[in-house]
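J.: What TrEMBL records for His65, Cys114, His117, Met122 is Cu cation binding site. As annotated by TrEMBL, domain 'Blue (type 1) copper' applies to 38-128. Annotation source TrEMBL lists signal peptide at 1-25.
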Amino acid sequence: MAVSVLVACLLAGPAGCGLFGPAHGAPDPQADVIIDMGFHRFKPTDVTIHAGQIVEWRNISLVTHTITDDPALADFHADALLPPGVMPFDSGDVPAGEVFLFKFPAPGTYRYFCKHHERHGMLGTITVLPAP
Ligand SMILES: [Cu+2]
């Protein structure tokens, strides 16, 4: 996998390497919190915000990740958790260098994962407190 990424990098040139793109620029002005997606890891893993705040995930790695909170898409049911009544969400593929923004509407605990690396332990938790 790593070798094929490097080969793809050489063929595509720097712009195709994921070394450029929004994930490497200034954070989106709308974002309240930044979470980096590195090598099979969300960093920080656990984040606490308030309802209505926006999280920006930045894929600073060289591989595609997802931000997925949907029990129906999880290999292990416990890797996805939503507060009661909140709809599941899924970023879809976020390629290297790209970002994904999501506004958390309701308080509660959100446990999410990357569809490609759930089995590698790429998991995160967002604790959303009531709006101040
Ligand atoms: Cu991933």
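Along the chain as shown, residues are numbered 1 onward.
Cβ coordinates are placed from backbone N, Cα and C, and glycine is handled just like the others.
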J.: What is the three-state DSSP composition of the domain 'Blue (type 1) copper' (38-128), stated as helix, strand and coil residue counts?
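T.: Counts, helix then strand then coil: 9 helix, 39 strand, 43 coil.
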J.: Determine the Cβ neighbour count for His117 (Cu cation binding site): the number of other Cβ atoms within 10 Å of its Cβ.
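T.: Other Cβ atoms within 10 Å of His117 (Cu cation binding site): 20.
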J.: Tell me which residues of the chain lie with their Cβ under 8 angstroms from that of His65 (Cu cation binding site), as long as they are six or more apart in sequence?
T.: Met37, Trp57, Asn59, Asp93, Val94, Cys114, His116, His117, Met122
J.: Most Cβ neighbours within 10 Å: which of the binding-site residues Cys114, Met122 is it?
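T.: Compared across Cys114, Met122, the most Cβ atoms within 10 Å surround Cys114.
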J.: Average the pLDDT scores across the domain 'Blue (type 1) copper' (38-128) and report the rounded value.
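T.: Looking only at the domain 'Blue (type 1) copper' (38-128), pLDDT averages out to 97.
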